[in-house]
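Working notes, structure below.
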Amino acid sequence: MTHPVDRIPGTAQLIAGGIQHVAAMYAGVVAPPLIIGAAVGLPPGELSLLISASLFTAGLATLLQTLGVWRFGARLPLVNGVTFATVAPVLAIVKQHGAGDALGVVYGATLVGGALMVLAAPFFSRLTRFFPPLVTGTVITLIGVSLLPVAVGWIAAQQESATGTGLLLAGFTLLAVLAFTRFLRGFAGRIALLLGLVAGTLLAWPLGALDTSTLREAPAFGIAGPFHFGTPVFDIAAIVSMAIVMIVVMVESTADMLALGEIVDRPTEPRTVADGLRADGLATAVATVFGGFAATAFAQNVGLVALTRMVSRYVVAACGAVLVLLGVFPVAGGIVALVPQPVLGGAGLVLFGSVAVSGIRTLAKASFERPANIAIVAASLGVGLIPIAAPEFYADFPSAVRTVLDSGISAGCVTAVVLNLVFGERSTR
């Protein structure tokens, strides 16, 4: 019998499900190029091309990850996008080399980092035996909790406090998603998040909270040519910095694949992890040609799979195809960008909370009759929540250490694995 992950749904479900995934991750995939582009002082036209390049390469990475080619691709419903983990080292490279020469150094380091990930994938995948339900559940819970501040930031539109209009839009969208989930059946119920985003955006129109400038200013067609933003320059210090970040990316991608395996009820084997990491590495290396950045699985889309139960990898492949189109036709991306941030935030509370709930469900498979297991989970969650509660907690640590500890997911994952090795039980997987 064909597993639900490998079933091809109808055309309507493919298109609507793919667009729903794009809506859930769009803000996350355009934010890193916006930050990097601003840091190097790109003019508006070039910045638009940089964003288009990130969308285009994210689409290619998602297609590779879901459909697979030989030993590249986990063949799971994984959406790939630009990882935030590389933003800090990229900004450090910009500061060191200057805005004019920085992108070439960034692409050189990213290219080598992607190649190293491909080579390291089979060795790193063997670490899955260190991820029993006790560890996996803790990491999945941390993924969800770590993403919640992103939703809160969207509600406040990245300001220090939320406005009344922002709270109204977020609250309305949240209630709409819940209502659609509760009362709609079948296919309509599975696209509840997309319907909620549409409802929230429609409400924003009469409230004057709909910014159409991105749609008016977006060119109809545009894609950067090969090495448009700079030919790769290989700087040893930058490569070492990026290689360290790639370890963090592999940890987070592995956690996402393990989480998704639990959600879709198809345990993630070491070979699947290796194939997924190879796809991440290849996509990262290829992205440098078109002006993109390092690729990784997007945890928010793992949450969407958990929320909607649309587990077919072909739905996510449709998302990849849409991303490619958005990259080639920026005006289409402008339509997606119409969704106000508070509307995204309201939906994000449900979306990211669903990831945390999936982690709690996985933790239920572990035995808490052993006091040591309770202590392992408690300590790992505590360490993982430090960067969320106090973002500058590790400000005085060396940059290499901060790269790991500033990510609550990475810090909590490493803590859970180490504590389980010392005090707990290994997986028999």
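All positions are counted from 1 along the displayed chain.
Each residue, glycine too, has its Cβ placed from N, Cα and C.
Bear in mind that TrEMBL entries carry predicted annotations, made automatically and left uncurated.
Since we're looking at a predicted model, the values are computed, not measured.
Quick look at what TrEMBL annotates:
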type     : residues : note
TRANSMEM : 21-41    : transmembrane segment
TRANSMEM : 47-64    : transmembrane segment
TRANSMEM : 76-94    : transmembrane segment
TRANSMEM : 106-124  : transmembrane segment
TRANSMEM : 131-156  : transmembrane segment
TRANSMEM : 162-180  : transmembrane segment
TRANSMEM : 187-207  : transmembrane segment
TRANSMEM : 227-251  : transmembrane segment
TRANSMEM : 314-337  : transmembrane segment
TRANSMEM : 343-360  : transmembrane segment
TRANSMEM : 372-391  : transmembrane segment
TRANSMEM : 403-423  : transmembrane segment
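Contact between the transmembrane segment (76-94) and the transmembrane segment (131-156) is not supported: fewer than 3 Cβ pairs lie under 8 Å, counting only residues 6 or more apart in sequence. Counting Cβ pairs closer than 8 Å to the transmembrane segment (131-156), the top stretch among 47-64, 106-124, 162-180 is 162-180.
Spatially, the transmembrane segment (162-180) is adjacent to the transmembrane segment (343-360); three or more Cβ-Cβ distances between them are under 8 Å for residues at least 6 apart in sequence.
Within its own chain, the transmembrane segment (372-391) has Cβ neighbours under 8 Å at 134-135, 137-138, 141-142, 145-146, 149, 363, 366, 405-409, 411-413, 415-416, 419-420, 423-424, counting only residues six or more beyond its boundaries.
Residues 23-24, 27, 136-145, 147-148, 150-156, 166, 169-174, 177-178, 181, 193, 196-197, 200-201, 204, 259, 262-263, 299-300, 302-304, 306-307 of the same chain lie 6 or more positions beyond the ends of the transmembrane segment (343-360) yet place their CB under 8 Å from a CB of it.
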